[in-house]
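As written in TrEMBL, here are the features:
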type	residues	note
BINDING	GLY21, LEU22, ASP23, ASN24, SER25, GLY26, LYS27, THR28, GLY67, ASN123, LYS124, SER125, ASP126	GTP binding site
BINDING	THR28, THR45	Mg(2+) binding site
Amino acid sequence: MLSILRKARLKDKEMRILMLGLDNSGKTSIVKNIMGEDINTVSPTLGFIIKTIDYDGYKLNIWDVGGQKTLRTYWKNYFEKTDTLIWVVDGTDRERIDDCRQELEGLLLQERLMGASLLVFKNKSDVAGCMSSEEIRK
């Protein structure tokens with residue numbers, strides 16, 4: 001993350017981070033963990049949540065957007081001025097890994113996300129049966 005901040009060299013030192021992924025991939029848990037909040041009280045995000053972190057002189061605005069299938073058509077409403085896209089993959093969800101890939105491939109074609117840095121997070125790697133990073137890359 002620090003290398004992305006240095007690369008950005010934003011004049012106002014403010015960065016918009018869009019966190020997307022399929023439902024139940026763990027986006028909100030990751031954000032809550034970063035914020036030092038209790039992750040035992042997570043419920044599905046029905047819309048979006050914005051959290052702000054001050055890090056190394058930068059203001060990071062993290063947009064955590066719900067991943068339910070019915071909400072994905074609205075993702076495009078959050079693309080404007082995105083500096084970094086974080087795509088969260090549920091490492092235990094073998095049944096939907098192809099859906100996960102297709103959604104990410106669709107996002108990478110979006111003109112309004114061109115120029116944004118991309119980070120892919122594999123979540124739930126501490127759970128037995130989690131896919132390897134190599135399996136997810138295929």
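Note that Cβ sites are derived from N, Cα and C of the backbone, with glycine treated the same way.
For the GTP site listed in the record, the two most distant Cα atoms among GLY21, LEU22, ASP23, ASN24, SER25, GLY26, LYS27, THR28, GLY67, ASN123, LYS124, SER125, ASP126 lie 22 Å apart.
Residue pair GLY67 (GTP binding site) / THR28 (Mg(2+) binding site) shows a Cα separation of 10 Å. Cα of THR28 (Mg(2+) binding site) to Cα of GLY21 (GTP binding site): a distance of 10 Å. Cβ neighbours of LYS124 (GTP binding site) (same chain, under 8 Å, six or more residues apart in sequence): GLY26, ASP90, GLY91, THR92, CYS130.
THR45 (Mg(2+) binding site) is 23 Å away from ASP126 (GTP binding site) when you measure Cα to Cα. A Cα-Cα distance of 9 Å separates LYS27 (GTP binding site) from THR45 (Mg(2+) binding site). Within 10 Å of the C-beta of ASP126 (GTP binding site) we count 8 further C-beta atoms, all protein chains included.
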